[in-house]
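Single-structure report; data block below.
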Number of protein chains: 2
Amino acid sequence: MGNRIHNAAYQSKVMSAEDAAALVNDGDMIGVSGFTGSGYPKAVPIALAARAKALHAAGTPFRVSLSTGASTAPELDGELADANAVNFRTPYQSDPETRKKINTGEIQYADIHLSHIAPQFRNGFHGRMNLAIIELTAIKADGSLVPSSSIGNNQAWLDIADKVIFEVNSWQSEDLEGMHDILGGIKQVPLDFAIPIYHSGDRPGSKYLTVDPAKVIAVVENDTPDRNSPFKPLDDVSKSIAGHLLDFLDLEEKAGRLPNPMPAMQSGVGNVANAVLAGLLHGQFENLTSYTEVIQDGMVDLIDAGKLEVASATAFSLSPEYAAKMNDNAKFYREKIILRNQEVSNNPEVIRRLGVIAMNGMIEADLYGNVNSTHIMGSRMQNGIGGSGDFARNAALTVFVSPSVAKGGAISAIVPMVSHVDHTEHDTDLVITEYGVADLRGKSPRQRVSEMIKVAHPDYRAMLQDYYDVAVKVANGQHTPHDLSQALSWHQRMLSTGTMKA
Amino acid sequence: MGNRIHNAAYQSKVMSAEDAAALVNDGDMIGVSGFTGSGYPKAVPIALAARAKALHAAGTPFRVSLSTGASTAPELDGELADANAVNFRTPYQSDPETRKKINTGEIQYADIHLSHIAPQFRNGFHGRMNLAIIELTAIKADGSLVPSSSIGNNQAWLDIADKVIFEVNSWQSEDLEGMHDILGGIKQVPLDFAIPIYHSGDRPGSKYLTVDPAKVIAVVENDTPDRNSPFKPLDDVSKSIAGHLLDFLDLEEKAGRLPNPMPAMQSGVGNVANAVLAGLLHGQFENLTSYTEVIQDGMVDLIDAGKLEVASATAFSLSPEYAAKMNDNAKFYREKIILRNQEVSNNPEVIRRLGVIAMNGMIEADLYGNVNSTHIMGSRMQNGIGGSGDFARNAALTVFVSPSVAKGGAISAIVPMVSHVDHTEHDTDLVITEYGVADLRGKSPRQRVSEMIKVAHPDYRAMLQDYYDVAVKVANGQHTPHDLSQALSWHQRMLSTGTMKA
Ligand SMILES: CC(C)(COP(=O)(O)OP(=O)(O)OC[C@H]1O[C@@H](n2cnc3c(N)ncnc32)[C@H](O)[C@@H]1OP(=O)(O)O)[C@@H](O)C(=O)NCCC(=O)NCCS
Ligand SMILES: CC(C)(COP(=O)(O)OP(=O)(O)OC[C@H]1O[C@@H](n2cnc3c(N)ncnc32)[C@H](O)[C@@H]1OP(=O)(O)O)[C@@H](O)C(=O)NCCC(=O)NCCS
């Protein structure tokens with residue numbers, strides 16, 4: 001473990017993860033670092049989970065509330081959920097163990113727009129934040145705090161938490177120093193300044209996080225790598241969805257509806273996003289920029305190829321191979337990549353100003369363009385809305401992508417009525433499946449129906465048309481015709497028979 | 001009719017409304033002025049409706065598409081809908097005749113966030129805009145265009161329309177000159193500047209609209225007053241909802257969760273909004289500001305009382321009595337009131353920066369905080385989402401208000417699952433009825449249930465609890481427990497029996 005704590009005052013606070021975990025109190029609201037499996041604390045949470053288990057075995061209650069940047073990893077969400085040590089969780093997760101406990105009802109989960117959570121804490125909506133646990137790459141001699149592979153809400157948590165524990169992780173490359181741009185001075189509203197970003201590459205902030213040193217109660221050393229899920233080879237369905245989007249953008253540019261160079265793109269994580277990035281690598285678009293949440297493998301390739309000028313995000317979400325490449329070449333990439341506070345990466349002001357093209361995954365969409373990103377059959381939480389609402393509402397072009405079916409065809413991603421709404425019909429411009437692009441722009445709800453049926457799986461097209469034909473006959477109004485007795489019947493059938501097929 | 005056209009070039013284009021209406025082509029996409037019944041053209045649309053009726057009688061098809069600021073009045077929406085002359089309508093309406101034809105399916109209606117419509121037109125999502133018809137107060141000798149009682153999308157339409165017809169309305173006070181602040185230079189994204197508003201009272205724009213004079217094909221003179229609906233006396237339910245909100249804000253300020261002075265307020269139109277404004281008149285809050293869509297009677301009273309420092313909006317929505325007062329005293333009020341482009345009044349950037357408190361009406365909300373602002377029983381359009389989504393998503397505190405029941409108690413405003421979603425559970429902070437405040441902040445969906453039941457009408461509380469108890473038993477996940485077989489049963493019962501009561 002290399003020594004990364006070059007400041008004497010912080011050096012004097014170094015202790016073991018176990019000793020640091022002992023400073024956490026039952027009932028604490030804890031703000032932790034971590035975003036899509038990068039930059040989360042890796043030692044204290046494990047020690048805390050062990051402590052919680054021991055306390056529970058002794059009959060002593062011990063549970064905390066956790067607020068992160070976004071999803072973390074097994075060492076944090078997984079361990080603590082498994083130890084029954086989490087009472088409340090916000091704003092986003094994708095951990096199997098946490099998901100299980102949310103859906104058994106053991107964890108209360110508040111699923112919150114990623115740009116809203118820090119302002120909500122500043123406004124006191126979640127009570128006091130008792131403690132922050134934040135991963136760093138290094139502490140410099142003058143006390144400067146070098147962030148690691150994600151920023152998320154770190155600066156907000158350092159601003160508002162009563163006490164702070166740092167984990168200094170020597171697996172992270174010291175050359176990350178200079179990749180971050182931390183905008184300070186964000187307080188409880190009203191603010192009296194604009195977010196001074198007019199291009200994805202602007203760097204109005206500082207390279208370092210800041211904290212009142214008096215709040216720091218422990219510093220823990222560590223060298224565990226980020227989670228970094230391996231890259232899945234691109235499948236045909238994802239490639240075909242990506243192809244439809246790229247063809248569409250090409251036509252839009254030719255029609256003068258998209259400026260050249262293309263406005264900054266935001267892309268959610270997952271297979272389709274990777275396929276889009278791969279498609280861009282071999283396509284004709286140049287001088288690309290990203291204003292997005294996470295840096296994925298494909299963006300690194302686009303930077304290497306000279307096609308992506310700059311990528312602004314709040315975190316890495318890389319495969320182990322690309323994480324190693326990033327760590328080896330951070331000096332080069334820090335000129336092209338900027339990691340910002342998530343209040344800034346996801347800020348409606350900047351998203352709207354830049355005219356971002358937003359592309360996110362979905363669970364299902366309905367005939368009228370309402371989108372469900374979070375719930376399986378209306379009740380069961382998958383991950384959360386994440387930043388998709390920040391982007392979908394404020395982007396210049398809002399795109400949702402999904403394979404047309406899930407679970408081997410038993411579930412249609414296009415349904416009569418979605419079982420939960422995360423993105424309303426007012427927000428959806430395009431829905432893309434492997435069958436093409438449903439272009440909902442400038443259309444009334446009824447005009448959207450044929451577009452949506454076109455992109456449904458052929459097995460479900462006649463069923464959708466039948467639903468609509470009956471709805472038109474029985475509805476109490478022709479704006480958004482629904483047959484309320486059948487609107488959710490596909491979901492009910494799935495729950496009772498295991499397939500949406502009649 | 002006083003002469004308000006002081007410029008020779010424009011004077012030479014003066015013609016009758018009938019002659020101007022003859023310049024409109026079948027199939028035109030027309031951008032018109034008008035917002036909540038103020039500042040809409042009042043002569044050409046009536047002449048156009050007459051022309052359409054005559055053409056239809058002769059067997060000639062004639063229909064146009066209409067894009068406004070927001071709702072207009074019988075002389076525009078009403079006449080044209082009645083003449084079967086409207087093919088497509090966007091982004092918001094509240095006209096009985098138009099509503100009828102939307103719900104019979106004769107008018108295609110795209111219900112769009114009020115801040116999104118101008119950018120969508122600039123991006124080409126709605127095709128070309130063939131013509132703009134815009135009301136003005138006066139044209140000055142140097143050709144400056146003095147706006148009237150609303151701005152809405154006027155500057156956007158003047159920027160992008162191929163041709164322009166002006167209606168110069170001498171009923172509007174000439175002293176309105178100077179009340180407007182028109183921000184120019186808003187183009188197709190990306191923009192390279194911030195919206196330079198840091199306080200509700202900032203005036204970074206111009207007092208006048210601008211147009212390329214070559215595009216102006218007609219100027220029509222007119223002196224018809226704005227629609228201006230009479231003020232309804234405050235009812236007890238509205239007063240009690242307003243009282244709950246004001247008590248809540250008072251407590252929040254004491255708890256340090258609201259700065260003093262209070263951030264700018266946005267209030268939807270209607271009885272509850274009026275009751276809140278009346279409550280503020282007799283309450284303890286001082287140095288108030290508004291960053292909202294429309295100027296209502298109550299704001300005028302608050303200005304008179306010295307409690308409201310400045311009110312920023314895009315339009316008037318006054319009673320005839322207050323409209324007369326405004327016209328008589330516009331010289332005074334123009335120092336305290338600013339009418340802006342609706343791209344600015346509703347801009348997410350400014351709403352977020354100012355930390356606006358947003359309060360809007362709703363049709364219904366569900367146990368988990370999803371809100372329906374637009375649809376009756378899932379299919380039938382009432383008005384539209386208007387600007388409520390611009391504010392609800394980006395405000396610091398998002399409040400929805402409604403009486404607990406509609407139609408004499410046959411309909412509960414709190415239901416198991418809303419029949420349409422305009423504002424998601426991620427956006428709703430408070431739901432207020434005459435029974436109190438449901439405070440959903442920082443709560444998981446299940447934690448919200450008891451808050452929502454508390455504000456339901458007593459007649460429906462046990463029914464809601466029963467629904468929830470069964471849902472918990474049968475749902476496929478405990479995050480948002482739903483019984484899909486019963487989720488919409490209240491709406492179905494209403495449609496078949498005329499009441500939601502079992
Ligand atoms: C919607 C979302 C879950 C799709 O994820 P993905 O990885 O792209 O897509 P997948 O097809 O692999 O689906 C993930 C899982 O959901 C399941 N699923 C997808 N659609 C489904 C549907 N309509 N019904 C039931 N299950 C469905 C898949 O079967 C898969 O389940 P498994 O893990 O048990 O195999 C994901 O995009 C998400 O969480 N989005 C919300 C947050 C967001 O948009 N973030 C980006 C910006 S921050
Ligand atoms: C939701 C909205 C319709 C409520 O309007 P309101 O004038 O405050 O409230 P009212 O109680 O008078 O309701 C209006 C009508 O809807 C009906 N209504 C209200 N709730 C209903 C419900 N749950 N089911 C059926 N009808 C309902 C009322 O009975 C009334 O009908 P009527 O005109 O036939 O008597 C209105 O606020 C709106 O259009 N909101 C969306 C746009 C918006 O928020 N704008 C503000 C910012 S831009």
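Glycine too: its Cβ is placed from the backbone N, Cα and C atoms.
Annotated active site, 5-glutamyl coenzyme A thioester intermediate per TrEMBL: B:Glu293, in sequence order. Long-range neighbours of B:Glu293 (active site, 5-glutamyl coenzyme A thioester intermediate) (same chain, six or more residues apart, CB within less than 8 Å of its CB): B:Phe35, B:Thr36, B:Ala70, B:Leu114, B:Gln266, B:Gly268, B:Ala313, B:Thr314, B:Ala315, B:Gln342, B:Ser345, B:Asn346, B:Gly386, B:Gly387.
In the three-state DSSP classification, B:Lys407 (CoA binding site) falls within a helix. The CoA binding site annotation in TrEMBL covers B:Gly268, B:Val269, B:Gly270, B:Asn271, B:Val272, B:Ile363, B:Asn383, B:Gly387, B:Lys407.
Annotated domain 'Acetyl-CoA hydrolase/transferase N-terminal' per TrEMBL: B:8-221, in sequence order. Taken together, the residues in the domain 'Acetyl-CoA hydrolase/transferase N-terminal' (B:8-221) have a mean pLDDT of 98 on the 0 to 100 scale.
Counting residues of the domain 'Acetyl-CoA hydrolase/transferase C-terminal' (B:331-467) by DSSP class, helix then strand then coil, yields 45 helix, 39 strand, 53 coil. The domain 'Acetyl-CoA hydrolase/transferase C-terminal' annotation in TrEMBL covers B:331-467.
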- B:Lys407 (CoA binding site) CB neighbourhood, other CB atoms within 10 A: 10
- Report, as a single number, how many Cβ atoms besides its own are within 10 Å of the Cβ of B:Asn383 (CoA binding site). 19
- Message: On a simple 10 Å Cβ count over all chains shown, which one of the binding-site residues B:Gly268, B:Gly270 is most densely packed?
- Response: B:Gly268
- Task: For B:Val272 (CoA binding site), write down the residues of its own chain that are at least 6 apart in sequence and whose Cβ falls under 8 Å from its Cβ; none is a fine answer.
- Result: B:Ser238, B:Ile241, B:Ala242, B:Met359, B:Gly361, B:Val401, B:Ser402
